[in-house]
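K.L.:
Handing you this structure, nothing more for now.
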Amino acid sequence: MSSFNPTTKTSEAMQAALQQASANGNPDIRPAHLLVAILDQADGVAAPVLTAAGVDPKTILAEAQKLVDGYPKASGSNLANPNFNRDALNALTASQELAGELGDEYVSTEVLLAGIARGKSDAADLLKGKGATYDAIKAAFQSVRGSQKVTSQDPEGQFQALEKYSTDLTKLAREGKIDPVIGRDQEIRRVVQVLSRRTKNNPVLIGEPGVGKTAIVEGLARRIVAGDVPESLKGKTLISLDLGSMVAGAKYRGEFEERLKAVLDEIKGANGEIVTFIDELHTIVGAGASGESAMDAGNMIKPLLARGELRLVGATTLNEYRKYIEKDTALERRFQQVYVGEPSVEDTVGILRGLKERYEVHHGVRIQDSALVAAAELSHRYITSRFLPDKAIDLVDEAASRLRMEIDSSPQEIDELERIVRRLEIEEVALTKETDVASRERLERLRSELADEREKLSELKARWQNEKAVIDDVRKFKEELEALRSESDIAEREGDYGRVAELRYGRIPELEKKIAEAEEKIGGADNSMLTEEVTPEVIAEVVSAWTGIPAGKMMQGETEKLLNMERFLGKRVVGQHEAVTAVSDAVRRSRAGVADPNRPTGSFLFLGPTGVGKTELAKAVSEFLFDDERAMVRIDMSEYSEKHSVARLVGAPPGYVGYDQGGQLTEAVRRRPYTTVLFDEVEKAHPDVFDILLQVLDDGRLTDGQGRTVDFRNTILILTSNLGAGGTREQMMDAVKMAFKPEFINRLDDIVVFDPLSQEQLASIVEIQISQLAERLSDRRLTLRVSDAAKLWLAERGYDPAYGARPLRRLIQQAIGDQLAKELLAGEIRDGDRVLVDVADGGQYLAVSREH
């Protein structure tokens, strides 16, 4: 056996046979051990050869394993290294001879299989008994390896290379496993034109992610199957090449190149009958290159592309095409670009209508046409970082999935009843242990109540199961209908018109009638527990879940809340009616849908002296909209006093440190597009900083340092300033005109002047500040009571027209907070006490004491 040259797979099989014989306690390795080993290999060629010979490899493997299990077992030290017996050696010799006849340099696993079948062993008898004779196996070689010779140690990776490393899209289209492609006729026609050229017949589809590049190729596969293509493409096979699986497991240098070459040779050998598709085309640049080798996949296919021997359709995004393909001009010139643009909202609705039935069948729900329109419109308006039709399809898919989950989950009424029944059952167990008369009477009543609740529960469960069964029936019928339609198309292509007539005029109308009856039963049910229809409201809920933007119809409670927005804001911001009304009107316009959808919800410049409530109003708006005053983007403009600091807002430009981190403003709004943005103390910033806000105020968009467009159309922009504070309204406006450029002022929705606070208004602020202090003390279970005289004292002493309400906060802190802290530390006041604050010593100070 010195001249025996096994391939890598054959060596692995021989090693596996040795290990199995050793583990089984067999004293020698027999042909059956080898047969089990070669059929058990994951990527082996022996199993496909048996299949080609008309034999089931799984049956042979199971029978061979039985033979191995029946061999005599021995014990001793030489069991760790059993030797091949005479029959096994004969099989190896026969396979070496056959390899020589075939012109192979190495013995591959399928040749070893033929060698086993040629011998006289129990394994050979098993193969012959199942029809896998030596001649049958030799004849099957042709279908697996063709005319290829084994000239390397890993030839198995090259046999049936196309089958291993590609997906036949035309086969999937024939089986009806590809979604229909709606529209895109122009792009498909252009692809067909390029493919029909004599040389450089290689179109590359370029477009943004999610616009439907791969779908165009799937549409081409469907057209090839339907025969709706020119003569040059009729009957051709369209395959999708999987470079990932080609690279995966290529352990040795040159192994990837061998696999790719085998694929390319098979494609060349098909004489133009195969059209190849590579998704993510940029991956061919650099794929397989290692160390000093420059021979990557891109360089290997260049000659074939230039000569027209390989018809290749590629798909990649604009950025990746520029980054990888355009750099290699020799590769780029071999491709013809086909630009795939984003479809319009109207075209997207058409695409969704074409896909609707597939999603209805998959999820077992109905999808309203108005829901498809809503998905296209809402995704276009609110999900700006992605592209149609992908984002609209995702919306419909998730909305249907959400509905299906609700159908499969137990309804709320049943959950509530089950909780009641469980509680009553626990009470019943507890009461059975009691012996007094009252407990026995209570037990009687409880058992009666429990019986009623159980009856109600079983009725509800039966109703739910019935409704669910009808919905499941519709789903089953629709799946059946889709299968019949696919079968009908296949029969029509094959010319079996009798079968077509039977399906189209018999079984399909019958099923459609059943579906209509079942859907009528669902629709006609009163007080239905389950909803099985995707409506625009469900789509809007999904949009809200994705973006945080309330896109759905307003509930009654929200309508009342919006109508009374001034009252809510007025509780926190005292004496600024004009400002509160301006902001409230902007929010109402946006939620009612009458605002300009291409501008921010509102943009305001708040002017006024310090401490009158400018920043407080921005916090109040955030609390009103998001139930949290901190849920806003706050930019302190005093940090942007230098010209270059604008880069902090939108992110550093390319080449600078921190380029990939994004800007403080743009990143915050990208993460949360529905928010309040507060630019505090704008007069402190450098004037050039406001130039970047011009596009935000006018078009609701801003481009960040990485070239991404950030959507500001659902934000409220509030700028605060105390320019001209202390002067008249006219003086304030003059100061604004001096500080800001006219084009900036002109883009604001409103400039709101805050009035100085009067002493009466300060009395209301005293109430607000004291209630905030009381809230902080509630953690220690302290109850705070401030007398009217003390409140008046605070309002008088805390009033300063130049500084607004801030001196009052300091006064409360000093007059009440400091004393209270000392009393708590001294133990005079303990947790849970009532605290009284009153005027003392003829109004000289406030006294804080425990109320008895």
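Each residue, glycine too, has its Cβ placed from N, Cα and C.
Found this in Swiss-Prot, in case it helps:
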type: BINDING; residues: GLY207, GLU208, PRO209, GLY210, VAL211, GLY212, LYS213, THR214; note: ATP 1 binding site
type: BINDING; residues: GLY608, PRO609, THR610, GLY611, VAL612, GLY613, LYS614, THR615; note: ATP 2 binding site
type: COILED; residues: 393-527; note: coiled coil
type: DOMAIN; residues: 1-147; note: domain 'Clp R'
type: REGION; residues: 6-71; note: region 'Repeat 1'
type: REGION; residues: 84-147; note: region 'Repeat 2'
type: REGION; residues: 160-342; note: region 'NBD1'
type: REGION; residues: 343-548; note: region 'Linker'
type: REGION; residues: 558-756; note: region 'NBD2'
type: REGION; residues: 757-852; note: region 'C-terminal'
K.L.:
State which of the following binding-site residues has the fewest other Cβ atoms within 10 Å around its Cβ: GLY212, GLY608, PRO609, GLY611.
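P.N.:
Looking at the binding-site residues GLY212, GLY608, PRO609, GLY611, the Cβ with the fewest others within 10 Å is that of PRO609.
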K.L.:
Among the binding-site residues GLY210, GLY613, which residue has its Cβ surrounded by the fewest other Cβ atoms within 10 Å?
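P.N.:
With the binding-site residues GLY210, GLY613, fewest surrounding Cβ atoms within 10 Å: GLY210.
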K.L.:
So, by DSSP, how many helix, strand and coil residues make up the domain 'Clp R' (1-147)?
P.N.:
97 helix, 6 strand, 44 coil
K.L.:
Taking contact to mean 3 or more CB pairs closer than 8 A (sequence separation of 6 or more), are the region 'Linker' (343-548) and the region 'NBD2' (558-756) in contact?
P.N.:
yes
K.L.:
Looking at the binding-site residues GLY207, PRO209, VAL211, THR214, which has the shortest Cα distance to THR615 (ATP 2 binding site)?
P.N.:
PRO209
K.L.:
Report the member of GLY207, PRO209 (the binding-site residues) whose C-beta atom has the most other C-beta atoms within 10 angstroms.
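P.N.:
In terms of Cβ crowding, the pick is GLY207.
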K.L.:
Grab the pLDDT values for the domain 'Clp R' (1-147) and give me their mean, rounded.
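P.N.:
Value for the domain 'Clp R' (1-147), mean pLDDT as a whole number: 78.
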K.L.:
What residues, ordered by sequence, lie under 8 A Cβ-to-Cβ from LYS614 (ATP 2 binding site) and sit at least six positions away in the same chain?
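P.N.:
Non-local contacts for LYS614 (ATP 2 binding site): ALA579, PHE606, GLY608, THR720, PHE754.
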K.L.:
Here are some binding-site residues: VAL211, VAL612. Which one has the most Cβ atoms within 10 Å of its Cβ?
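P.N.:
Neighbour-count leader: VAL612.
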K.L.:
I want the residues beyond GLY207, GLU208, PRO209, GLY210, VAL211, GLY212, LYS213, THR214 whose C-beta is within 8 angstroms of the mean position of the ATP 1 site's C-beta atoms, in chain order.
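P.N.:
Along the chain, the qualifying residues are ALA315, THR317, VAL340, GLU342, PHE387, ASP390.
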